[in-house]
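Novice: My questions will all concern the structure given below.
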Amino acid sequence: MPKLWDAVAGFAVTFGTLFKKPITEEYPEKPGPVAPRYHGRHQLNRYPDGLEKCIGCELCAWACPADAIYVEGDDNTADERYSPGERYGRVYQINYLRCIGCGLCIEACPTRALTMTNDYEMADDNRADLIWGKDKLLAPLQDGMLAPPHPMAPGATDDDYYLGRIGPVTEDVR
């Protein structure tokens, strides 16, 4: 008789949950809210005029404990300027197969060029597609931004960019 009672007691839990509202989430159809400080995918930011904030210093790559970041810096020229200052990140790659989402790269960046977004949907069925290049990482151009390369704002110095004194490009400059 005790063995029969054990089986009935086990089914009592099952029958009790049978009439409750399910706890499952409708994830693909209805994505849930994300915490504001969630560390999702990385983003390379731009200045308000469209120039890139990355100066190609490679500090993010050195800070990464998983060795997931590859940066190749290059010099800006008078004809091709991608960022204020003398250097820019010509090649920038993040290997999301290796990234552990710790955010140490964000802390190491001196120009706040690299931040993490709330986007968490990066799954893919191809390993090669999880190595994101600069084309996927750069923030999209907003209104008032010009796609680099283009010269710095007239009369502006590197310090003006770093101190936030540069605004969007006006129509007369375009």
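Backbone N, Cα and C define each Cβ position, glycine as well.
What Swiss-Prot lists as domain '4Fe-4S ferredoxin-type 1' is 44-74, and the listing cites sequence analysis. For Cys54, Cys57, Cys60, Cys109, the entry in Swiss-Prot reads [4Fe-4S] cluster 1 binding site, with the evidence type sequence analysis. Taken from Swiss-Prot, the feature [4Fe-4S] cluster 2 binding site applies to Cys64, Cys99, Cys102, Cys105, supported by sequence analysis. What Swiss-Prot lists as domain '4Fe-4S ferredoxin-type 2' is 90-119.
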Novice: Are there residues at least 6 beyond the ends of the domain '4Fe-4S ferredoxin-type 1' (44-74) whose Cβ is under 8 Å from a Cβ of it, and what are they?
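Specialist: Non-local partners: 81-85, 87-100, 102, 104-115, 134, 137-139, 141, 144-148, 150, 152-153, 161, 166-169.
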Novice: Measuring Cα to Cα, tell me the gap between Cys54 ([4Fe-4S] cluster 1 binding site) and Cys64 ([4Fe-4S] cluster 2 binding site) in whole angstrom.
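Specialist: Each residue's Cα considered, Cys54 ([4Fe-4S] cluster 1 binding site) and Cys64 ([4Fe-4S] cluster 2 binding site) end up 16 Å apart.
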Novice: Count the Cβ atoms, other than its own, that fall within 10 Å of the Cβ of Cys109 ([4Fe-4S] cluster 1 binding site), considering every protein chain shown.
Specialist: 19
Novice: Out of Cys64, Cys102, Cys105, which of the binding-site residues has the smallest number of neighbouring Cβ atoms within 10 Å?
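Specialist: Ranked by other Cβ atoms within 10 Å, the binding-site residues Cys64, Cys102, Cys105 bottom out at Cys102.
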Novice: Quick check: of the binding-site residues listed here (Cys64, Cys99, Cys102), which one has the Cα closest to that of Cys109 ([4Fe-4S] cluster 1 binding site)?
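Specialist: Nearest by Cα distance to Cys109 ([4Fe-4S] cluster 1 binding site): Cys64.
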Novice: Given the binding-site residues Cys60, Cys99, which one is most crowded in terms of C-beta atoms within 10 angstroms?
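Specialist: Counting every other Cβ within 10 Å of each candidate, the maximum falls on Cys60.
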